[in-house]
Amino acid sequence: MTLRVTNTLTGEKEPFEPRDPDSVLLYYCGLTTSDPPHLGHARGWVHVDVMARWLDYLGYDVHHVENLTDVNEKIVARVGEDGDSEADVARHYVQQAIDDMRSLNLGRAEVYPRVSEHVPEIIDLVERLIEQGHAYEQNGSVYFDVTSFEDYGKLSNQSVDDIESQGADTEGEKRHPADFALWKAGGVDPADIAEHQHPEAAPAEEACQTAQIWDSPWGEGRPGWHIECSAMSMTHLDESIDIHVGGQDLVFPHHENEVAQSEAATGKQFANYWLHVRLLETEEEKMSSSLGNYFTVADAVEEFGPDVLRTFLLSTAYTSRATYSDETIAEAKERWDRLSRGYERAVEACDDVDAHTKVTDETLRDAVEDARSAFEAALNDDFNTREAMTALLDLTAAVNTHVDGHDEYDYQGLRRAVETFEEFGGGILGLAFGDDDSGDVSLAGDVVDLVLTVRQQEREAGNYERADELRDELEALGVEVQDTDDGPTYRL
């Protein structure tokens, strides 16, 4: 069965056909590192994790990139509360995000690029747009001219005339109200962070003095929001990719503007498939940091554990409405208890019987193969994790029926059931069945980070030969190291 996905660009569920039949380029718009990650972020993380795992299962070489936005006015608003500068606050929440991802048993993306590490690439992309007549400079800021891109609005299904404005234009710098900033002159204005500040934060003027700024052909300034993802996706994947995933709230303006600036610069379709994860809701509204109605990932993992949370988040398809409540989390706990107990009973029954037993239960064996087929059909149907979970629950019921109804067990049938729990429940859904190795991948990433820290210390101490040796040893293990002005990055 061919994988089909719901493509926001076309509004249709359509067959997935990658540019390269052997590989998939997947980009996920990650979070802004200004607050503790919450369950709304976790919903996106876990669904993209399953997408990547399933594409890998289908035989593709998956190149998965997920950005972490570490330059933003909301981050500046937290100065004095979670760090002494914008960069400090960002580092604090970047680390928390990585820790939270690990706690949810996420497979590691190939790279987690930060905006602060890609300013030269951003400037290069802005210059290309100016040279091609798609952008213009005004008083040190650079804006994208939406009227220069004929297909503007194709992702969100609206026209330029439908859009009244994008961002403030107090200086009257824009040619069209819908034009958006690619580069912002100067630093951060205290007025821009006032609504995001907490009482514990530093005074606005003091916080803004810590904001990161960079030199550019147009003077000192900061990147615009939308240009960042285009530059990072092109840097780490290609000018045209297969799948771009993000939250439903990003369709407009963020993803619409990504399409416009990327395709205007390259003349190529930026992403062939746009997949959008519906937001997690609580009491009829989205869960978000700005609304203050969120449950942090760290608190949720501590209270419920990663398997209950993954079960909760995957019990609803990524395109469907999902609601957090005491009732829905209790349902997830009951569902996980059934799944884990079914797996344990299958393992225990296998241990109690001779592998060469002649007992055959065709009902069990048929149920196992039916569950496998149903699971595969579900994931091939737009990564439908709800139906995939149902297939595993049906498998659990079949195992219970067999164990409860027989004095002698069908070893081969039970062994196949155990393999299915581990391969599909563990390897694809990321639940704790058997030996899922994604935790090993996360640990490997932590070890690489540690080695790079030591290598950077050696370089700063002038021990360049030893630093080069560490780099060579990493590359011999398949870790590509790239040195940038903001420190080393790597990809596995």
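Glycine too: its Cβ is placed from the backbone N, Cα and C atoms.
Annotated in Swiss-Prot:
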BINDING   CYS29, CYS229, HIS254, GLU258  Zn(2+) binding site
MOTIF     31-41  motif ''HIGH' region'
MOTIF     286-290  motif ''KMSKS' region'
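Here the features listed in Swiss-Prot are painted onto the structure.
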{"residue": "CYS29", "record": "Zn(2+) binding site", "DSSP (3 states)": "coil"}
{"residue": "CYS229", "record": "Zn(2+) binding site", "DSSP (3 states)": "helix"}
{"residue": "HIS254", "record": "Zn(2+) binding site", "DSSP (3 states)": "helix"}
Quiz item: What other residues of this chain sit with their CB within 8 A of the center of the CB atoms of CYS29, CYS229, HIS254, GLU258, the recorded Zn(2+) site?
Solution: HIS226, GLU228, SER230, HIS244, GLY246, LEU250, HIS255, ASN257
Quiz item: Considering the binding-site residues CYS29, CYS229, which residue's Cβ sits among the greatest number of other Cβ atoms within 10 Å?
Solution: CYS229
Exercise. Summarise the model's confidence over the motif ''HIGH' region' (31-41) as a mean pLDDT value.
Key: 96
Self-check item: Under 8 Å by Cβ from HIS254 (Zn(2+) binding site), counting only residues of that chain that are 6 or more apart
Solution: CYS29, TRP225, HIS226, CYS229, GLY246
Exercise. Ten-angstrom check, please: count other Cβ atoms within 10 Å of the Cβ of GLU258 (Zn(2+) binding site), all chains counted.
Key: 26
